[in-house]
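The block underneath contains the structure these notes are about, expressed in C-alpha coordinates.
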(Lines of atoms letter the chains of each structure in order from A and count residues from 1; the text may use other names and numbers.)
(Lines give C-alpha, C1' and ligand atoms only; values in the text may rest on other atoms or scores of the structure.)
Protein backbone atom coordinates (compact mmCIF):
# COMPACT_ATOMS: atom_id res chain seq x y z
CA UNK A 1 0.00 0.00 0.00
CA UNK A 2 1.20 3.60 -0.55
CA UNK A 3 2.77 5.51 2.24
CA UNK A 4 0.10 7.37 4.15
CA UNK A 5 0.44 11.16 4.30
CA UNK A 6 1.19 12.74 7.63
CA UNK A 7 3.95 13.91 9.99
CA UNK A 8 6.90 16.25 9.65
CA UNK A 9 7.20 17.49 6.09
CA UNK A 10 10.97 17.81 5.82
CA UNK A 11 11.23 16.99 2.13
CA UNK A 12 11.66 19.90 -0.25
CA UNK A 13 11.10 19.26 -3.97
CA UNK A 14 14.26 18.49 -5.97
CA UNK A 15 13.82 21.58 -8.15
CA UNK A 16 13.19 23.94 -5.23
CA UNK A 17 16.19 25.45 -3.36
CA UNK A 18 16.48 24.41 0.25
CA UNK A 19 16.46 27.15 2.87
CA UNK A 20 17.26 27.02 6.55
CA UNK A 21 14.11 26.38 8.54
CA UNK A 22 12.47 29.46 9.98
CA UNK A 23 12.53 29.86 13.73
CA UNK A 24 9.63 27.84 15.03
CA UNK A 25 9.19 29.74 18.24
CA UNK A 26 9.26 26.63 20.42
CA UNK A 27 11.69 28.22 22.88
CA UNK A 28 9.84 30.03 25.64
CA UNK A 29 12.14 33.04 25.38
CA UNK A 30 12.09 33.43 21.63
CA UNK A 31 11.37 36.95 20.36
CA UNK A 32 8.87 37.99 17.72
CA UNK A 33 10.92 38.39 14.55
CA UNK A 34 10.20 40.77 11.71
CA UNK A 35 11.55 40.36 8.18
CA UNK A 36 14.56 42.47 9.09
CA UNK A 37 15.24 40.46 12.23
CA UNK A 38 14.19 43.15 14.68
CA UNK A 39 12.09 42.37 17.70
CA UNK A 40 8.63 43.86 17.55
CA UNK A 41 5.11 43.48 18.79
CA UNK A 42 2.41 41.83 16.67
CA UNK A 43 0.63 43.79 13.96
CA UNK A 44 -2.43 45.67 15.22
CA UNK A 45 -5.76 44.16 14.22
CA UNK A 46 -7.25 45.35 10.96
CA UNK A 47 -10.64 45.85 12.58
CA UNK A 48 -12.18 46.22 15.96
CA UNK A 49 -12.93 42.52 16.30
CA UNK A 50 -11.94 41.14 19.67
CA UNK A 51 -11.94 37.57 18.36
CA UNK A 52 -8.68 37.78 16.42
CA UNK A 53 -5.66 35.82 17.61
CA UNK A 54 -1.95 36.45 17.08
CA UNK A 55 -0.15 33.72 15.15
CA UNK A 56 3.48 33.51 14.09
CA UNK A 57 3.80 32.55 10.43
CA UNK A 58 7.10 31.08 9.29
CA UNK A 59 7.90 31.21 5.57
CA UNK A 60 10.87 28.84 5.01
CA UNK A 61 11.27 29.60 1.28
CA UNK A 62 11.79 33.30 2.06
CA UNK A 63 13.50 32.76 5.42
CA UNK A 64 10.99 35.11 7.03
CA UNK A 65 8.75 35.06 10.07
CA UNK A 66 5.71 37.29 10.48
CA UNK A 67 3.23 37.92 13.27
CA UNK A 68 -0.35 38.40 12.11
CA UNK A 69 -3.72 38.79 13.75
CA UNK A 70 -6.07 36.26 12.17
CA UNK A 71 -9.77 35.70 12.66
CA UNK A 72 -10.45 32.14 13.92
CA UNK A 73 -14.03 32.41 12.67
CA UNK A 74 -12.83 32.93 9.08
CA UNK A 75 -11.85 30.24 6.59
CA UNK A 76 -8.22 29.21 6.25
CA UNK A 77 -8.42 30.60 2.69
CA UNK A 78 -8.95 34.09 4.14
CA UNK A 79 -5.97 33.66 6.46
CA UNK A 80 -3.90 32.56 3.49
CA UNK A 81 -4.84 35.74 1.62
CA UNK A 82 -3.77 37.78 4.66
CA UNK A 83 -0.36 36.16 4.49
CA UNK A 84 -0.05 36.74 0.75
CA UNK A 85 -0.67 40.49 0.95
CA UNK A 86 2.14 40.86 3.49
CA UNK A 87 4.81 39.20 1.33
CA UNK A 88 7.64 41.46 0.26
CA UNK A 89 9.04 38.93 -2.23
CA UNK A 90 7.31 36.90 -4.92
CA UNK A 91 6.81 33.15 -4.71
CA UNK A 92 6.47 30.74 -7.63
CA UNK A 93 3.08 29.01 -7.96
CA UNK A 94 1.82 30.86 -4.90
CA UNK A 95 -1.69 29.38 -5.09
CA UNK A 96 -0.24 26.01 -4.09
CA UNK A 97 1.21 27.39 -0.89
CA UNK A 98 -0.73 26.66 2.25
CA UNK A 99 -0.70 26.96 6.02
CA UNK A 100 1.06 23.99 7.60
CA UNK A 101 0.74 22.91 11.21
CA UNK A 102 3.99 21.22 12.32
CA UNK A 103 3.89 17.98 14.29
CA UNK A 104 3.59 18.31 18.07
CA UNK A 105 2.88 16.02 21.02
CA UNK A 106 2.94 12.95 18.79
CA UNK A 107 0.42 14.40 16.36
CA UNK A 108 1.30 14.35 12.70
CA UNK A 109 1.93 17.60 10.88
CA UNK A 110 -0.62 18.57 8.25
CA UNK A 111 -1.73 21.26 5.85
CA UNK A 112 -4.86 23.14 6.88
CA UNK A 113 -7.79 22.65 4.53
CA UNK A 114 -8.51 26.01 2.91
CA UNK A 115 -12.29 25.93 3.30
CA UNK A 116 -12.40 24.92 6.94
CA UNK A 117 -12.47 27.50 9.72
CA UNK A 118 -9.20 28.33 11.40
CA UNK A 119 -10.73 27.52 14.78
CA UNK A 120 -11.30 23.93 13.63
CA UNK A 121 -7.58 23.33 14.06
CA UNK A 122 -6.50 23.45 17.73
CA UNK A 123 -3.22 25.33 17.89
CA UNK A 124 -0.50 23.84 20.11
CA UNK A 125 -0.37 25.56 23.51
CA UNK A 126 3.35 24.87 23.96
CA UNK A 127 4.29 28.50 23.23
CA UNK A 128 2.68 31.81 24.21
CA UNK A 129 2.13 32.59 20.51
CA UNK A 130 0.92 29.75 18.22
CA UNK A 131 3.11 28.93 15.23
CA UNK A 132 2.20 27.90 11.68
CA UNK A 133 4.25 27.65 8.51
CA UNK A 134 3.42 28.97 5.06
CA UNK A 135 4.96 26.44 2.71
CA UNK A 136 4.52 24.81 -0.68
CA UNK A 137 2.10 21.89 -0.63
CA UNK A 138 4.12 18.72 -0.87
CA UNK A 139 3.55 15.19 0.27
CA UNK A 140 3.82 14.86 4.04
CA UNK A 141 5.89 11.85 5.06
CA UNK A 142 5.26 9.85 8.23
CA UNK A 143 8.70 8.29 8.46
CA UNK A 144 11.09 9.64 11.05
CA UNK A 145 13.89 9.43 8.48
CA UNK A 146 13.58 10.38 4.82
CA UNK A 147 16.49 9.91 2.42
CA UNK A 148 16.51 13.14 0.45
CA UNK A 149 19.05 11.83 -2.06
CA UNK A 150 16.92 8.79 -2.81
CA UNK A 151 13.85 10.96 -3.25
CA UNK A 152 15.74 13.28 -5.59
CA UNK A 153 16.64 10.30 -7.78
CA UNK A 154 13.00 9.24 -7.82
CA UNK A 155 11.68 12.66 -8.89
CA UNK A 156 13.35 12.82 -12.30
CA UNK A 157 11.55 14.19 -15.35
CA UNK A 158 11.46 10.72 -16.89
CA UNK A 159 9.88 9.17 -13.80
CA UNK A 160 7.31 11.93 -13.46
CA UNK A 161 6.33 11.57 -17.11
CA UNK A 162 6.06 7.80 -16.72
CA UNK A 163 3.92 8.30 -13.62
CA UNK A 164 1.50 10.50 -15.57
CA UNK A 165 1.29 7.84 -18.27
CA UNK A 166 0.41 5.22 -15.66
CA UNK A 167 -2.31 7.52 -14.33
CA UNK A 168 -3.78 7.95 -17.80
CA UNK A 169 -3.68 4.19 -18.38
CA UNK A 170 -5.45 3.61 -15.03
CA UNK A 171 -2.57 1.34 -13.96
CA UNK A 172 -3.42 1.34 -10.27
CA UNK A 173 -0.72 -1.20 -9.33
CA UNK A 174 2.08 0.69 -11.08
CA UNK A 175 0.94 4.00 -9.62
CA UNK A 176 0.80 2.41 -6.17
CA UNK A 177 4.35 1.05 -6.49
CA UNK A 178 5.68 4.50 -7.37
CA UNK A 179 3.91 5.98 -4.36
CA UNK A 180 5.26 3.26 -2.06
CA UNK A 181 8.77 4.27 -3.08
CA UNK A 182 7.99 7.79 -1.90
CA UNK A 183 7.06 9.68 -5.06
CA UNK A 184 5.22 12.93 -4.40
CA UNK A 185 2.03 13.09 -6.56
CA UNK A 186 1.75 16.87 -6.14
CA UNK A 187 3.49 18.11 -9.27
CA UNK A 188 2.66 19.64 -12.64
CA UNK A 189 3.11 17.84 -15.92
CA UNK A 190 5.74 19.70 -17.93
CA UNK A 191 3.65 19.70 -21.11
CA UNK A 192 0.04 20.07 -19.99
CA UNK A 193 0.23 21.74 -16.59
CA UNK A 194 -2.06 19.04 -15.17
CA UNK A 195 -1.32 17.23 -11.93
CA UNK A 196 -1.99 13.48 -11.45
CA UNK A 197 -5.22 13.99 -9.52
CA UNK A 198 -6.74 16.43 -12.02
CA UNK A 199 -5.89 14.01 -14.82
CA UNK A 200 -7.42 11.08 -12.95
CA UNK A 201 -10.80 12.78 -12.42
CA UNK A 202 -11.19 13.11 -16.19
CA UNK A 203 -10.92 9.37 -16.81
CA UNK A 204 -13.73 6.84 -16.83
CA UNK A 205 -13.66 4.30 -14.00
CA UNK A 206 -10.99 6.18 -12.07
CA UNK A 207 -12.53 6.03 -8.58
CA UNK A 208 -10.02 3.46 -7.29
CA UNK A 209 -7.09 5.37 -8.80
CA UNK A 210 -8.27 8.59 -7.15
CA UNK A 211 -8.33 6.83 -3.78
CA UNK A 212 -4.79 5.49 -4.29
CA UNK A 213 -3.48 8.95 -5.21
CA UNK A 214 -5.16 10.46 -2.17
CA UNK A 215 -3.73 7.83 0.18
CA UNK A 216 -0.35 8.40 -1.44
CA UNK A 217 -0.24 12.04 -0.40
CA UNK A 218 -2.10 13.93 -3.15
CA UNK A 219 -3.69 17.13 -1.85
CA UNK A 220 -7.31 17.60 -2.89
CA UNK A 221 -6.83 21.37 -3.16
CA UNK A 222 -3.59 21.20 -5.18
CA UNK A 223 -4.08 23.36 -8.27
CA UNK A 224 -3.02 22.91 -11.87
CA UNK A 225 -0.85 25.42 -13.64
CA UNK A 226 -3.98 27.31 -14.73
CA UNK A 227 -5.22 27.48 -11.14
CA UNK A 228 -8.04 24.93 -10.79
CA UNK A 229 -8.46 22.00 -8.41
CA UNK A 230 -9.47 18.41 -9.14
CA UNK A 231 -13.07 19.22 -8.24
CA UNK A 232 -13.16 22.09 -10.75
CA UNK A 233 -11.67 19.81 -13.39
CA UNK A 234 -14.18 17.05 -12.65
CA UNK A 235 -17.08 19.48 -13.11
CA UNK A 236 -15.67 20.96 -16.31
CA UNK A 237 -14.55 17.75 -17.99
CA UNK A 238 -17.61 15.72 -17.07
CA UNK A 239 -19.85 18.29 -18.66
CA UNK A 240 -18.20 18.86 -22.00
CA UNK A 241 -14.89 17.22 -22.79
CA UNK A 242 -12.67 14.28 -22.09
CA UNK A 243 -8.94 14.71 -21.87
CA UNK A 244 -7.13 12.41 -24.31
CA UNK A 245 -3.43 12.09 -23.59
CA UNK A 246 -0.96 10.54 -26.00
CA UNK A 247 1.33 8.19 -24.09
CA UNK A 248 4.12 9.07 -26.50
CA UNK A 249 3.86 12.85 -26.94
CA UNK A 250 1.79 13.50 -23.80
CA UNK A 251 -0.26 16.07 -25.68
CA UNK A 252 -3.73 17.16 -24.55
CA UNK A 253 -6.60 16.85 -27.00
CA UNK A 254 -10.10 17.94 -25.98
CA UNK A 255 -12.81 15.95 -27.74
CA UNK A 256 -16.59 16.28 -27.25
CA UNK A 257 -18.08 13.22 -25.63
CA UNK A 258 -21.31 12.21 -23.94
CA UNK A 259 -20.75 11.13 -20.34
CA UNK A 260 -23.36 8.96 -18.73
CA UNK A 261 -25.19 10.02 -15.61
CA UNK A 262 -23.69 7.33 -13.36
CA UNK A 263 -20.15 8.15 -14.45
CA UNK A 264 -20.56 11.83 -13.60
CA UNK A 265 -21.85 11.09 -10.14
CA UNK A 266 -19.21 8.46 -9.38
CA UNK A 267 -16.16 10.70 -9.85
CA UNK A 268 -17.63 13.79 -8.21
CA UNK A 269 -18.95 11.76 -5.31
CA UNK A 270 -15.58 10.03 -4.87
CA UNK A 271 -13.68 13.32 -4.66
CA UNK A 272 -16.23 14.77 -2.24
CA UNK A 273 -16.25 11.62 -0.11
CA UNK A 274 -12.48 11.84 0.24
CA UNK A 275 -12.91 15.19 1.94
CA UNK A 276 -12.82 17.77 -0.85
CA UNK A 277 -14.73 20.94 -0.12
CA UNK A 278 -17.33 21.99 -2.72
CA UNK A 279 -16.17 25.57 -2.12
CA UNK A 280 -12.52 25.31 -3.23
CA UNK A 281 -11.49 28.45 -5.12
CA UNK A 282 -9.67 28.65 -8.42
CA UNK A 283 -7.20 31.36 -9.43
CA UNK A 284 -10.13 33.78 -9.98
CA UNK A 285 -11.72 32.95 -6.64
CA UNK A 286 -14.54 30.98 -8.27
CA UNK A 287 -16.03 27.72 -7.01
CA UNK A 288 -16.90 24.48 -8.84
CA UNK A 289 -20.59 25.41 -8.52
CA UNK A 290 -19.97 28.64 -10.46
CA UNK A 291 -18.30 26.71 -13.28
CA UNK A 292 -21.06 24.10 -13.24
CA UNK A 293 -23.76 26.76 -13.66
CA UNK A 294 -21.77 28.35 -16.48
CA UNK A 295 -20.84 25.32 -18.60
CA UNK A 296 -24.07 23.39 -18.02
CA UNK A 297 -24.00 19.67 -18.76
CA UNK A 298 -25.46 17.11 -16.37
CA UNK A 299 -27.73 19.01 -13.94
CA UNK A 300 -27.14 16.37 -11.28
CA UNK A 301 -23.55 17.63 -10.94
CA UNK A 302 -25.04 20.95 -9.83
CA UNK A 303 -27.49 19.26 -7.49
CA UNK A 304 -24.74 17.10 -5.97
CA UNK A 305 -22.59 20.14 -5.16
CA UNK A 306 -25.57 21.93 -3.63
CA UNK A 307 -26.48 18.84 -1.62
CA UNK A 308 -22.93 18.91 -0.22
CA UNK A 309 -23.64 22.44 1.09
CA UNK A 310 -21.84 24.39 -1.62
CA UNK A 311 -22.09 28.11 -0.89
CA UNK A 312 -24.20 30.06 -3.38
CA UNK A 313 -23.13 33.57 -4.34
CA UNK A 314 -19.58 33.22 -5.64
CA UNK A 315 -18.90 36.44 -7.56
CA UNK A 316 -16.44 37.06 -10.39
CA UNK A 317 -14.69 40.32 -11.25
CA UNK A 318 -17.80 41.56 -13.11
CA UNK A 319 -20.21 40.81 -10.31
CA UNK A 320 -21.69 37.74 -11.99
CA UNK A 321 -22.95 34.95 -9.73
CA UNK A 322 -24.04 31.38 -10.47
CA UNK A 323 -27.63 32.42 -11.18
CA UNK A 324 -26.44 35.00 -13.73
CA UNK A 325 -24.33 32.43 -15.57
CA UNK A 326 -27.12 29.86 -15.61
CA UNK A 327 -29.49 32.40 -17.20
CA UNK A 328 -26.84 33.72 -19.58
CA UNK A 329 -26.25 30.21 -21.00
CA UNK A 330 -29.82 28.95 -20.79
CA UNK A 331 -29.20 26.19 -18.25
CA UNK A 332 -32.79 25.88 -17.06
CA UNK A 333 -32.41 22.83 -14.82
CA UNK A 334 -29.32 24.27 -13.16
CA UNK A 335 -31.34 27.43 -12.50
CA UNK A 336 -34.10 25.36 -10.91
CA UNK A 337 -31.60 23.69 -8.56
CA UNK A 338 -30.05 27.04 -7.62
CA UNK A 339 -33.44 28.55 -6.82
CA UNK A 340 -34.47 25.51 -4.78
CA UNK A 341 -31.35 25.90 -2.64
CA UNK A 342 -31.89 29.61 -2.08
CA UNK A 343 -30.17 31.59 -4.84
CA UNK A 344 -31.06 35.29 -4.79
CA UNK A 345 -33.12 36.15 -7.88
CA UNK A 346 -32.66 39.89 -7.22
CA UNK A 347 -28.84 39.88 -7.16
CA UNK A 348 -27.29 42.34 -9.61
CA UNK A 349 -23.99 42.21 -11.46
CA UNK A 350 -21.59 45.11 -11.98
CA UNK A 351 -23.93 46.59 -14.62
CA UNK A 352 -26.94 46.31 -12.35
CA UNK A 353 -28.50 43.53 -14.40
CA UNK A 354 -30.45 40.83 -12.61
CA UNK A 355 -30.87 37.28 -13.87
CA UNK A 356 -34.11 38.37 -15.55
CA UNK A 357 -32.31 41.19 -17.39
CA UNK A 358 -29.79 38.66 -18.72
CA UNK A 359 -32.57 36.40 -19.96
CA UNK A 360 -33.77 39.27 -22.14
CA UNK A 361 -30.29 40.26 -23.28
CA UNK A 362 -29.33 36.74 -24.36
CA UNK A 363 -32.71 35.44 -25.58
CA UNK A 364 -33.09 32.83 -22.83
CA UNK A 365 -36.86 32.65 -22.66
CA UNK A 366 -36.84 29.31 -20.81
CA UNK A 367 -34.93 30.75 -17.86
CA UNK A 368 -37.09 33.89 -17.91
CA UNK A 369 -40.17 31.70 -17.67
CA UNK A 370 -38.77 29.95 -14.56
CA UNK A 371 -37.83 33.23 -12.88
CA UNK A 372 -41.24 34.78 -13.49
CA UNK A 373 -43.03 31.69 -12.27
CA UNK A 374 -40.89 31.74 -9.10
CA UNK A 375 -41.90 35.33 -8.39
CA UNK A 376 -38.82 37.35 -9.26
CA UNK A 377 -39.00 41.13 -8.85
CA UNK A 378 -39.82 42.52 -12.31
CA UNK A 379 -39.37 46.18 -11.35
CA UNK A 380 -35.63 46.23 -10.55
CA UNK A 381 -33.72 48.61 -12.82
CA UNK A 382 -30.14 48.23 -13.97
CA UNK A 383 -27.61 51.06 -13.97
CA UNK A 384 -28.95 52.23 -17.34
CA UNK A 385 -32.29 52.77 -15.62
CA UNK A 386 -33.89 49.90 -17.54
CA UNK A 387 -36.22 47.26 -16.18
CA UNK A 388 -36.01 43.69 -17.41
CA UNK A 389 -39.10 44.29 -19.55
CA UNK A 390 -37.46 47.25 -21.28
CA UNK A 391 -34.45 45.08 -22.03
CA UNK A 392 -36.72 42.32 -23.33
CA UNK A 393 -38.37 44.69 -25.81
CA UNK A 394 -35.37 44.10 -28.06
CA UNK A 395 -36.17 40.38 -28.03
CA UNK A 396 -39.43 39.33 -29.69
CA UNK A 397 -39.81 35.93 -28.06
CA UNK A 398 -39.05 37.15 -24.54
CA UNK A 399 -41.27 40.23 -24.79
CA UNK A 400 -44.16 38.12 -26.08
CA UNK A 401 -43.62 35.68 -23.25
CA UNK A 402 -43.67 38.60 -20.78
CA UNK A 403 -47.05 39.81 -22.07
CA UNK A 404 -48.35 36.28 -21.99
CA UNK A 405 -47.27 35.80 -18.40
CA UNK A 406 -48.96 39.01 -17.29
CA UNK A 407 -52.15 38.14 -19.21
CA UNK A 408 -52.48 34.62 -17.78
CA UNK A 409 -53.83 34.47 -14.24
CA UNK A 410 -53.69 30.67 -14.21
CA UNK A 411 -50.04 29.70 -13.75
CA UNK A 412 -50.74 26.06 -14.62
CA UNK A 413 -52.07 27.21 -17.99
CA UNK A 414 -48.98 29.36 -18.50
CA UNK A 415 -46.67 26.42 -17.83
CA UNK A 416 -48.26 24.56 -20.75
CA UNK A 417 -47.63 27.39 -23.19
CA UNK A 418 -45.16 26.57 -25.95
CA UNK A 419 -42.63 29.30 -26.74
CA UNK A 420 -42.84 28.55 -30.45
CA UNK A 421 -46.61 29.13 -30.65
CA UNK A 422 -47.99 31.99 -32.73
CA UNK A 423 -48.69 35.25 -30.95
CA UNK A 424 -51.92 37.05 -31.84
CA UNK A 425 -53.37 40.32 -30.64
CA UNK A 426 -56.81 40.19 -29.03
CA UNK A 427 -58.40 43.32 -27.58
CA UNK A 428 -55.08 45.14 -27.58
CA UNK A 429 -53.34 42.45 -25.50
CA UNK A 430 -50.80 39.87 -26.58
CA UNK A 431 -52.00 36.29 -26.05
CA UNK A 432 -50.87 32.84 -27.06
CA UNK A 433 -52.62 30.82 -29.74
CA UNK A 434 -52.80 27.34 -28.13
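A Cβ is built for glycine as well, from the same backbone N, Cα and C atoms used for every other residue.
Automatic, uncurated: that is what TrEMBL annotation is.
If you look up TrEMBL, you'll see 1-53 marked as region 'Disordered'.
If you look up TrEMBL, you'll see 9-18 marked as compositional bias 'Basic and acidic residues'.
Summarising the annotation, TrEMBL assigns repeat 'ANK' to 318-350 (among others). With helix defined as DSSP H, G or I and strand as E or B, the repeat 'ANK' (318-350) counts 16 helix, 0 strand, 17 coil.
If you look up TrEMBL, you'll see 351-383 (among others) marked as repeat 'ANK'.
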Please indicate, using numbers and ranges, the residues of the same chain that are 6 or more beyond the repeat 'ANK' (318-350) and have a C-beta under 8 Å from a C-beta there.
289-290, 292-296, 299, 302-303, 306, 312, 356, 358-359, 362, 364, 366-368, 370-371, 374-377, 380, 382
Mean pLDDT across the repeat 'ANK' (351-383), rounded to an integer, is what?
94
